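S.K.: Structure incoming, see below.
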Ligand code: PHE
């Protein structure tokens with residue numbers, strides 16, 4: 001059996017043992033809903049990341065194969081950036097729809113349904129004459145974008161509803177949930193990556209669709225046992241809330257279907273997309289700033305200022321972190337020595353280092369924060385952001401060193417470098433991402449939590465758009481058909497040195513200097 005299949009088998013066995021273990025050890029502490037949502041989100045992430053593992057590779061190798069290599073890469077990164085940016089932009093609306101009109105259950109089911117359609121469309125897109133069919137390709141991505149906007153934010157918010165606000169089990173529940181997220185991601189990057197690259201692209205995409213179908217079915221069947229929770233808001237049921245004069249269900253469905261061609265179009269309008277994001281960001285940050293500066297209570301206002309400052313650093317983090325699905329995957333394809341024990345491993349499966357490290361390290365991190373907390377030494381939220389950025393920069397430094405000093409004569413670096421890079425990036429993610437989410441809920445004034453959370457996703461969205469742009473820098477014009485890996489190696493190394501190391505480390509330093517001020521503004525909340 002070849003090594004890829006071995007890795008795949010071991011990965012699945014590990015998960016098949018790990019998941020029952022988690023459920024068994026937590027079954028008495030948590031409501032059943034946690035496990036239903038765990039499985040639904042696990043399979044949804046399976047589909048999302050299975051597809052992301054293949055996306056940029058598929059675009060550069062199949063979809064835009066008629067273009068010169070550099071042009072194909074530039075185009076692919078622009079689409080990747082716009083796609084992931086919209087994936088994190090639409091949850092703002094998805095959350096609103098659930099709160100006001102459809103309730104969690106209907107919104108999640110509708111979103112899941114659209115995502116299933118999207119993934120299967122990508123699968124079908126490979127059959128016969130449909131290979132490389134652009135309208136189908138962009139339509140499929142748009143279906144996933146809109147579907148994800150309804151699904152992703154609401155599964156997490158829904159989970160919160162099964163616990164009282166100050167329930168001590170809540171943090172634990174979210175850690176278990178995050179484990180589900182990463183188990184799904186891990187399995188899919190391995191499985192869809194392998195199937196897509198080694199067997200057939202479209203089987204890989206289709207497999208992602210099957211994952212999503214399982215997630216949707218799990219949710220559909222088991223959410224019936226949730227009683228009153230997640231039903232449509234009372235006022236809607238009683239007919240007091242209407243949209244265009246009728247029950248809101250149909251208008252929401254029609255409007256979301258109408259959004260699909262718009263998103264599909266936007267995927268191709270790179271500049272317009274950037275401008276829209278910029279305008280939305282200015283409006284929202286401006287609004288938050290206004291809120292912060294005019295707050296009656298000085299402490300409330302200053303706490304919001306902290307969120308605004310961290311908004312920018314959060315975006316920088318994701319702009320570099322999300323190179324994983326973009327330029328790092330093409331770097332792995334071209335410049336990593338993927339021959340191991342006689343097998344050439346497909347580049348896409350290397351992305352699975354991130355979720356694997358999360359699964360292994362998340363318990364360690366929770367334990368560490370708890371211990372430090374008891375010793376009175378737990379770093380403050382801004383300090384954890386500094387640590388997150390610093391580890392991200394360190395990860396890129398490892399790749400740069402590998403590329404500059406340890407590449408072989410063919411321009412290939414050892415797998416060890418990419419593994420260590422992912423290790424540091426993952427530790428960075430664990431230091432910053434969960435902390436950021438919980439900070440938003442603690443530092444925002446009660447009435448605007450939902451809005452600030454939306455803004456927080458927006459900063460992620462901007463980060464993802466920037467990620468696409470940074471990716472284009474690695475697709476230098478000088479690199480065209482048949483370029484020697486030695487040439488591409490230098491371009492990756494330089495881009496990562498400037499953006500991954502210098503800019504990120506610079507951001508970490510600036511934030512570090514701001515810590516005393518931010519701590520003062522936080523007024524006792526850490
Ligand atoms: N890997 C995480 C996930 O897919 C990344 C993420 C963190 C996304 C926080 C949204 C919010 O869930």
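Glycine is treated like the rest: Cβ placed from N, Cα and C.
The following feature annotations were taken from TrEMBL:
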type	residues	note
TRANSMEM	6-25	transmembrane segment
TRANSMEM	46-65	transmembrane segment
TRANSMEM	77-96	transmembrane segment
TRANSMEM	134-151	transmembrane segment
TRANSMEM	202-222	transmembrane segment
TRANSMEM	250-267	transmembrane segment
TRANSMEM	273-292	transmembrane segment
TRANSMEM	304-321	transmembrane segment
TRANSMEM	385-406	transmembrane segment
TRANSMEM	412-432	transmembrane segment
TRANSMEM	444-463	transmembrane segment
TRANSMEM	496-518	transmembrane segment
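A description of the local structural setting of each listed feature is requested, covering burial, neighbours and distances.
M.R.: Packing against the transmembrane segment (46-65) from elsewhere in the chain are residues 71-73, 75-77, 79-80, 83-84, 87, 115, 119, 122, 131-132, 134, 137, 144, 148, 184-185, 187-189, 191-193, 196-197, 201, 204-205, 207-209, 211-212, 215, 325-326, 329-330, 333, 347-349, 351-352, 355: each is 6 or more residues past its ends and has a CB under 8 Å from a CB in it.
Within the chain carrying the transmembrane segment (134-151), a Cβ under 8 angstroms from the stretch's Cβ atoms is held by residues 44, 48, 51, 63, 79, 83, 86-87, 89-94, 97-98, 107-108, 110-119, 121-122, 124-125, 256, 259-265, 267-268, all 6 or more beyond its ends.
When Cβ-Cβ distances below 8 Å are used as the criterion, the transmembrane segment (202-222) is approached by residues 32, 36-37, 39-44, 46-48, 50-51, 53-54, 108-109, 112-113, 115-116, 118-120, 122-127, 184, 188, 191-196 of the same chain, each at least six residues removed from its ends.
Only residues 6 or more beyond the boundaries of the transmembrane segment (273-292), in the same chain, are considered here, and those with a CB under 8 A from a CB of the stretch are 81-82, 85-86, 89, 266-267, 301-302, 304-305, 307-308, 311, 445, 448, 452, 454-455, 458-459, 461-462, 465, 469.
Away from its own ends, the transmembrane segment (444-463) comes close to residues 84-89, 91-92, 95-96, 99, 153, 277, 280-281, 284-285, 288, 291, 295, 300, 303-304, 307, 311-312, 314-319, 321-322, 436-437 of its chain (Cβ-Cβ under 8 Å, at least six residues beyond either end).
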S.K.: Under a Cβ pair cut-off of under 8 Å, which of the recorded stretches 6-25, 77-96, 412-432 contacts the transmembrane segment (304-321) most often?
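M.R.: Between the candidates 6-25, 77-96, 412-432, the best contact partner of the transmembrane segment (304-321) is 412-432.
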S.K.: Mind checking which residues of the chain, 6+ beyond the ends of the transmembrane segment (77-96), have their Cβ under 8 Å from one of its Cβ atoms?
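M.R.: That would be 48, 52, 55-56, 59, 107, 111, 141, 144-146, 148-154, 157, 263, 266-270, 273, 277, 280, 322, 325-327, 450, 453-454, 457-458, 460-462, 464-469, 471-472, 475.
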